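**Student:** This is the structure, below, for whatever I ask next.
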Amino acid sequence: MQNGTTIGIPPENERVTERAEPVPSDLLPNNSPVNSPTIDPTLSEIKDVAADHNEEPPSKRRKVAGSTPSRRSHSRAASPPWKKAGADGPTSKIVDGKRRSTRVSNVGPVEQPPSDAKPTRSSQKQYVSKAVSSQRNAAVSSPLPMSPSRSGINRRSLAGVAVNGSPSTTAKGSIGRRRRESPSPVSKRASTRTRPDNMDAYHPSNGVTPRSNSTKTRSTRSFQLASSDFREETADDIGNDGQDEHGQRIQRLRIKVKKPALSIQHPSHVLPTRKYGSFKEWLENEGTGPGRMLTMTDALEEAQKRRQVTEAMEPGGLLSSEVCSAFLPEPQEELPQQFSHQDHLVAHALYFKKLLDKEHRAHRQAAKSLAAACAEVWRKRNKDPEDILREQQEEMRGKRKQLAKDLKKMFELARAEIDRVRLARWEEEQKAKDQRALDRAIKQSTMLFEKRRLEILGETGSDAPETTTDDEEVETDNGSENDDEEGESNMSTETEEEDGDDRDDDVGLTAEELRLKYANLPDTNPHPDQSPYSDEDSEDSDDIAADNTPGDTSGGVNRSPPPDSSGQVELDEVDPVLIDDSDESTDMDDDMGDSDDDGYSEAESDDEDGGEPGLLGFFSAKDLSLSNLHQTNSGEGDTHQTGADGDRNEDSSFDESEFGSEDPDEVTLVPTGPTNKDLSTPATVTASAELEPAAMTPSIDQTSTEEPIAIGTETPIETVAEDAAALADTEPVDVDVLDTSTNDSVPPVMSPATNLLKQIERQQHEPYHSRAASSEASPGTVATKPSEPESVSSIEAPAEKHAQPSESPGPGLKTPIPHLLRGTLREYQHFGLDWLAGLYSNHINGILADEMGLGKTIQTIALLAHLAVEHGVWGPHLVVVPTSVILNWEMEFKKWCPGFKIMTYYGNQEERRQKRRGWMDDNSWNVLITSYQLVLQDQQVLKRRSWHYMILDEAHNIKNFRSQRWQALLTFRTRARLLLTGTPLQNNLTELWSLLFFLMPTDGDEAGIEGFADLRNFSEWFRRPVEQILEHGRETMDDEAKQVVTKLHTVLRPYILRRLKADVEKQMPGKYEHVVYCRLSKRQRYLYDGFMSRAQTKETLASGNYLSIINCLMQLRKVCNHPDLFETRPISTSFAMPRSVATEFETSEALVRRRLLYQHPLEKLDLDFLNLVPISREDISRRLADDSARIMAYAPFNTLRERQYHRTNWEMKFNGSTVQSTLEALENDCRKRRMAELERSLYFESKRHGRRPVYGSSLIEFLTADSKQRPTAHGPLRKRSYADWLSSQSSVLASMMMSLEERSQAMDGYIQRFACVTPAAVAAGVTEAALTPISTRHLTNKERFPPHDPFHEAQMRLSIAFPDKRLLQYDCGKLQRLDKLLRDLKAGGHRALIFTQMTKMLDVLEQFLNIHGHRYLRLDGTTKVEQRQILTDRFNNDNRILAFILSSRSGGLGINLTGADTVIFYDLDWNPAMDKQCQDRCHRIGQTRDVHIYRFVSEYTIESNILRKANQKRMLDDVVIQEGEFTTDYFTKLDVRDMIGNDEALKDEASAAMDRVLENRVTNTSRVFEQAEDKEDIDAAKNAQKELEHADDGDFDDRANANASGVTAASASASGAGQTPTQAGTPLPDEAQQSLNANNAEVAEDTADSDPSVGHIDDYLLRFMEWNMKDEPLVLPVDKSMKKSKKGKEHRLRKRRR
């Protein structure tokens, strides 16, 4: 391409990328000599041009005269990437920051000298060929073209420079101009974006790049590097003109070989264009500027011109002000003319002309259109064959294009549909996988719980007669010994099987086996959802029925292979705990000796110890090696024993590699139990053999333990098809092998069903047969694994045991109370100890979740004492508790178990360091008690120890698995773990998962440790009921959600023990909760509404930022608690101005006052002083004037004056020459001053006593007549008028006419109460400016303090207003309500605990209680550990203390405050479990009065929503935890008759209730859901329903056919496996869509095979696309929640990468 047009290249040959093609033979390099005269003129011409343009911009290329190159058969090579399609030279330049065109150059073209030869292309090629051949050894590249990668790199690097430096243009005008200016083929180049197909054909024949302008290029580049990047890039464009991109010129023009130039940062950086283009031009124009040298002639001419100008400026001249127009004033702007009629006429005429022109153009356009239409009609009528053919070709071409577009779109739609189907299939597989995982977890939990239950009910609840004889016992003993010696499994021997054939069929069967045996009776009710384990029951019953067919030789209990074929039959993934029914307290230490087996052989115990407990059924690959431990024949013992030893080795190696071998008692996070089988003693074997008949007696409902089911094998479990919930619980299991550890053999002949109930009743009423007293556990405790009655250290021979008295602790309990424990445990606490001991024996970690106040601490201490007494394990134990209860735990240990050595690990860093001295010694202490904070601080030190038992009190402190506490405590090396919490579920299921995963962690690898499920699976399992409870309440849960909740209970039941006070403590006082709604005060409502109306608040709430929203909600809660927490009531003061307005005029006022009042002292005389104002003395009486004149001392003063006058020397002057003269002069001066004083006193005395009135006051009073009564005047002096004075007195008038002091005292209360409004502003200096200043106040000794100012109180209260103390209460609605409540409680003799979350609110409550004079105590986070226990004891013992104010975060944990019977929650917690913790501080054991709980809630505020949210969380806790019945007496509610024979009654009753409530509503509800849901959701729901209803129809049909026709169970299992996929457990999506059940699917397949009709193209396209995409990985949808927020970055444009 050249300037966007093709030069000799057809359009179909245009390409953007290069295409490598072979070079034609005629274009190969030619090494023939070339004539040098043809080259010399061109070379000289180039040198001249380079010399002329060495320091100036390059000129444009011009056409060489007479150069008419021959047209080549191939196109030119593509232009270099930096060469644009515009003009050759720069098309623009930057001058003063503006872009200017360079097409018009100031420099003219340089004349080229004529050459003899024409510079044709061939001559240039020959010159280049010769130059290259002559310099072959120099730095010249080979003729071969550059590699594409290298050339591409060069193109990219140089292209960037060209784009950034020189803006090129591709306008059509420039293209045409270049065509006219440069028709020479030298300037023709292809565009950078086009590559012809025959690219190699454009290479020169000699194989190298032409170098016709190399000298010019170097000179130009040297100039451009000195100027700027812009000109540098321009030089690159010019210097590389016509170069091939495969040539060497690109490498030689790299900038790195030159000096780097500064980039243009400012327009001034661009060098200005030279004024003169050549030296000749400069010579011609030199001397014409203003600074040139003038000759004499020029100077004379200049002088003459200036003289003429000066003369013309004289008056009368041409340039004078009178003549020149430049001096005339500027003309006035004329007013615009008014739009007249003529203007209207002209405008109308112009508009009319415009209309005419428009009409004319329309006519012409219509004529053209008509002509074109006529021509088209004419052309269609007279078509040539060529035109017809061309039109058909065009039409076909258009159809082909449209067809291609349609096919492309159809393929895209098909691909999208296939992706959607694959994604839906993947989602269903994930759901099925999650469902299978849940089923495994439920199955595992059910089996584990059943095992614990059967350990109790199997020995204490079963009353079957002891049918075995002594011979059989001896035989059993021998069998057990043989098993121990030969390493056989825990199955019965062949001799026992033979003996078992002589017994009755039903006598040796357990209750569960009897129920399974007769499960296929016709009257069975198909509603197994009423029992928590009905799913498993129905499944097992079907399995037994199918396996016990007469023709089945491989199923049932008798299909175990002979001993010689033991290696061929294995069980996959069978957990050892599910097979072993041992109920003894297994020793958890490897070096503590043996464990007793109660009713089972030694091999059984070894099998249990060797395997890991399958926690919640999450099997890993490690369990595959355990499968050979549990077989159904005793002949397989060798193989089993080998597998067990292998597993033990693996476990031990894993422990050592994981944690090292620091402590021999050290184990992994999930303990694996004893690993040495050799620890068993002969005494244990004997005891096991002796107690084995007891285990062989029938027990109740032993589904889980009697029938170990391997998970993950090919045969699915049959379930009842009518129950959707039961179908949801199904999972693929292996039922080929049944455990017969309890019953040695099942006879093929079965007893009638009518004898079943009678036999059960007879067994129930028969007394227990005598066994070893210490080995027997009494009935009563269910759902609790009995621990071993005898400790490991006290094992005795069986003969001795028969002689010992019974040591059974009580009915239903197997764990005796350890003798180390001081005190008596309550019955439920003993059951809790038994449950904890069972957990320890089975290597299971658990949660003791008893309600607060039931003694979890005591049960934990009893457990540790049990370990010390029964197992000899004294520690070390780690107990982590909240800080507030560290000393409480220490006191409880010293009180209940003083035999333990306790270390309370707290204090500062130095104290803790002192406590750690020598603490590695196991004998220094047994139990370490510390807090969660110190565990985090000293975790590195604490992790060095290997802890036997780690106990976490208030375990909800680790409810967040992202917290440091959870992560730090998880990595501690412990043998067992126990969590104590009264609130296992606080906010959501994630917190419950955190606790369970902490107990049963997993390493995340399928081949690693078995642990609990991950968070995603756990959340997916139980998401539906949680959402329904939180959104609509527990009443709106559908059946599926209720079934999911039941499954959750099943999963959690083996690991949680939860008892409520109402269940275990019947004598506990009642608890009553009250919600007190408080109205907001006026100030609270003002602040609340003001904060909500802020724009910032609305923006924050709408932003979605979690922390910002929480901050806003916290501010609102502060307003609800007390407005002072949000905004403190200020001390109201007026705005103090720095100075008043009058103060500014103080100086002027003083100056004016001074000038106005200034006068000479003699100008104005005091006439009054001179007695010249006679009437001014009328205020004195005549008598006083006479007395004053009589005592006048004028004569004595005059005598003294005369004497002093004669003593004074008036002519003496100061003489300081001598001391004597100086003293005399000073004495004389004193006499002069004394003389002046006497003269002044004489003067004043004469004037003072000369004051005489004209009339006198006595005369005036005597002559004045006062007609008004004076009732308040003083009493008369004469007694005779005293009665008249009293009669005229009035007390009312006297009280009304009070003095100023009396009035101020009377109004003092009003001033204190109501003087609160201060002026808006005050200014200093106003008083001085308005009033006359007081000069001096003299205070005598009697007046040390100024007199009382009656206005002082009012002035202070009106100038600064302190808030009234009573406003603390009246500003808050809650405090007003609290005041009334506390008065009522105090009157009734009650005491209260006041909880709040905010520490500042505690300060407000303190002020409130101090105002009202109530006694109180305070406890918050700043209270020291030692002080907390003192405060608790003081409150419980001192009844005078009315209230205890506490922080719910610190005072609500672990302390005992039974002295109070009222709990007041001043504010609500987000977490209702925290409030429950707080209220149970007083509602606990030891409380004798009813407890009332008051919750203060502000109306119409955020607190109402908090209360609603807390109620939702409480409902979730009730559904998940409370209704789970995680108690030890759970199974006592189930009667034996109900579990065995009365299933039908349960199912009927439940089914009737369900039908009455949900018969019609379910259908209608589903239809409503279908109307509201999307089509995809409806289809998915239908598919799931089909799977639930028809997934196992084929299995049931096959098994039914097998029972009828006598086919084997193996064939039935194979057919069933063929119907249901092994891995998914549910039909595939396409199978579910094609058929409703397996039979319909087969019919549909047969019909499809026999139908010869052709399918639709869409189906074929979908199948083809699915086949085509089978190897492509499925692209999962992006999780939008994980995408980073791009808020605020929308304005940033994404840069394109080149």
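Note: Cβ is positioned from N, Cα and C throughout, glycine not excepted.
Note that the coordinates shown come from a computational prediction; the quantities given were computed from them, not determined experimentally.
Found this in Swiss-Prot, in case it helps:
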BINDING   Asp850, Glu851, Met852, Gly853, Leu854, Gly855, Lys856, Thr857  ATP binding site
COMPBIAS  12-21  compositional bias 'Basic and acidic residues'
COMPBIAS  45-59  compositional bias 'Basic and acidic residues'
COMPBIAS  209-222  compositional bias 'Low complexity'
COMPBIAS  1586-1600  compositional bias 'Basic and acidic residues'
COMPBIAS  1601-1618  compositional bias 'Low complexity'
COMPBIAS  1683-1698  compositional bias 'Basic residues'
DOMAIN    837-1002  domain 'Helicase ATP-binding'
REGION    1-249  region 'Disordered'
REGION    456-682  region 'Disordered'
REGION    763-818  region 'Disordered'
REGION    1586-1632  region 'Disordered'
REGION    1673-1698  region 'Disordered'
**Student:** Below 8 Å Cβ to Cβ and six or more residues apart, same chain only. Which residues does that give for Met852 (ATP binding site)?
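**Tutor:** For Met852 (ATP binding site), the qualifying residues are Gly982, Lys1476, Gln1477, Asp1480, Arg1481, His1483, Arg1484.
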**Student:** Run through the Cβ atoms and count how many others sit within 10 Å of the one on Thr857 (ATP binding site).
**Tutor:** 20
**Student:** Would you mind pulling the DSSP three-state label for Lys856 (ATP binding site)?
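**Tutor:** For Lys856 (ATP binding site) - judged by DSSP and reduced to three states - the answer is helix.
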**Student:** Is it possible to get the count of other C-beta atoms within 10 angstroms of the C-beta of Lys856 (ATP binding site)?
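**Tutor:** So the Cβ neighbour count for Lys856 (ATP binding site) comes to 24.
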**Student:** With every protein chain in view, how many other Cβ atoms are within 10 Å of the Cβ of Leu854 (ATP binding site)?
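**Tutor:** Other Cβ atoms within 10 Å of Leu854 (ATP binding site): 25.
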**Student:** Take the mean position of the Cβ atoms of Asp850, Glu851, Met852, Gly853, Leu854, Gly855, Lys856, Thr857, the recorded ATP site. Which other residues of that chain put their Cβ within 8 Å of it?
**Tutor:** Gly982, Asp1480, Arg1484, Ile1485
**Student:** Where does Asp850 (ATP binding site) sit in the DSSP three-state scheme?
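**Tutor:** Where Asp850 (ATP binding site) sits, the three-state DSSP reduction gives coil.
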**Student:** Please list, in sequence order, the residues in the chain of Asp850 (ATP binding site) that are at least six apart in sequence and whose C-beta is under 8 Å away from its C-beta.
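**Tutor:** Those within reach of Asp850 (ATP binding site), by Cβ under 8 Å and sequence separation of 6 or more, are Gly832, Lys856, Gln859, Gly982, Leu1057, Arg1058, Arg1059.
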